[in-house]
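Features of the protein shown, as given by Swiss-Prot:
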BINDING   113, 114, 115, 116, 117, 118, 158, 172, 181, 182  dCTP binding site
ACT_SITE  139  active site, proton donor/acceptor
């Protein structure tokens, strides 16, 4: 497997709708206001995806237990805003602005941006498997003892694309993966 460069990512986004909407280049300043942004868009060997305005922040209002086999949404507070405050030592779910369609011979890895990591904000996203498509559900942990701010419509993580020299026998779409074509923030399901 080899990592794919900006030219390949651009061609796949524009000709195969692999990333929608696609931003051709790094954006780090709001052109209208001059405000600095956490960068997003096409980079040399990846694509920096953005957070949407949808967030789900963990709360313990009902004294619940997090159980991935029996997950209830009453452990979340849903927020729609340009920023989200993640409580100290807590966790939030969000989704990407971008919708991805991964080719059959490609696997991605997603790595959190250093700007957030240096603030104690850790991002986890599982690989996008061959022929998976959907909005990306993003797990965000605030490892600090302080509230942490995350920004909608700005970069949160970088997606790296790896192309195999051979095609897999069974893709995510073939096995009817449970998170196929997910819209919005998708909570755990078994």
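Glycine is no exception: its Cβ is also placed from the backbone N, Cα and C atoms.
Here the features listed in Swiss-Prot are painted onto the structure.
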residue : record                             : CB count, 10 Å
113     : dCTP binding site                  : 19
115     : dCTP binding site                  : 13
117     : dCTP binding site                  : 13
139     : active site, proton donor/acceptor : 14
158     : dCTP binding site                  : 20
181     : dCTP binding site                  : 12
Binding residues 113, 114, 115, 116, 117, 118, 158, 172, 181, 182 (dCTP) - maximum C-alpha distance in whole Å: 34
Where residue 181 (dCTP binding site) falls in three-state DSSP terms: coil
